[in-house]
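J.: Quick one: the structure is below, questions incoming.
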């Protein structure tokens, strides 16, 4: 059966720590803490990357860009996202739209959402209207509510290319 669409789902979470920049959706946000990770720890772009790869049946971000590989230490997640996009296109798929939710007690995501949308749209060759970003707090509950980390959930619709 030749199904013309696939859905990919991605999730990522990183701890907030002192002494690192906070980068979400390729946007550096002024904040007291940043996300801990092997790369730049961009929780949103990691979830988008996982959703793309998963939807195309290509595994996940760890398979293609392992945190055990020093080549990816401090890597710009936009570079990783574009590389994943190339792999997805080579497999015969193209993203149609991206819907993301960022879970963060702080900082406020709203003032930065348009820049995040623009980055993702540019990296995936999409119209900005095909990328949606929502933000939720955890109402003070759990590790996210205690400001110990930030998480992101992403859904991507893929269509057969060409």
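For all residues, glycine too, the Cβ spot is worked out from N, Cα and C.
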J.: Looking at Swiss-Prot, which one out of 46, 64, 103 binds divalent metal cation in the same site as 12, 14?
T.: 46
J.: Just name the winner among 39, 137 (the recorded positions) by count of other CB atoms within 10 A of its CB.
T.: 39
J.: Work through the recorded positions one by one (12, 14, 38, 46, 137) and name whichever has its CA nearest to the CA of residue 67 (4-CDP-2-C-methyl-D-erythritol 2-phosphate binding site).
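T.: With Cα distances computed to residue 67 (4-CDP-2-C-methyl-D-erythritol 2-phosphate binding site), the winner among 12, 14, 38, 46, 137 is 38.
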J.: Checking the spread of the 4-CDP-2-C-methyl-D-erythritol 2-phosphate site as listed (12, 13, 14, 38, 39, 60, 61, 62, 65, 66, 67, 68, 69, 146): what is the longest Cα-Cα distance, in whole Å?
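T.: 31 Å is the greatest Cα spacing among the residues binding 4-CDP-2-C-methyl-D-erythritol 2-phosphate.
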